[in-house]
Amino acid sequence: QISLLIGFISVNNSPWTDYSAYSFFQIVTMCDLVMILFFYIMHIFRVYRKLTCVSWPLAEFLHYLIGTILLLIGSIVAAAKSYNITGLVAGATFGFLATILCVISMWSSYKVSCITQSTSK
């Protein structure tokens, strides 16, 4: 979450040369931040216990999968259009770092929720 926030701030405070590439990057980072906060709030207040009709492990896995793919695309486009402007390069770098961290989080979420449940039965 911190790497997404740093990437967003780096891109937001840099002069842009291609508005569509960095607008997409900013939208993807903000959507990922909002969804991560949403899932944290769901876990903190244990809302998932009251809403049993939703498969929360599957919802979290799909969130990480879709967010990671969009973040990877946004980071590639941002890196290609950075034109050696340091803030934009830093934003793309933190975007790639956040992509790697999202893959790790997605794997750990899958491992904890799906593999442990299937072995405990």
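Every residue number used here counts from 1 along the chain in the order it is shown.
Including glycine, each Cβ sits where the backbone N, Cα and C put it.
Model confidence over the domain 'MARVEL' (1-114) is summarised by a mean pLDDT of 84. For 1-114, the entry in TrEMBL reads domain 'MARVEL'.
Under the heading transmembrane segment, TrEMBL lists 20-41 (among others).
Taken from TrEMBL, the feature transmembrane segment covers 61-79 (among others).
Under 8 Å from some Cβ of the transmembrane segment (85-107) lie the Cβ atoms of residues 3-4, 6-8, 10-11, 13-17, 22, 25, 29, 32, 61, 64-65, 67-68, 71-72, 74-75, 78-79, all in the same chain and six or more residues away from its ends. If you look up TrEMBL, you'll see 85-107 (among others) marked as transmembrane segment.
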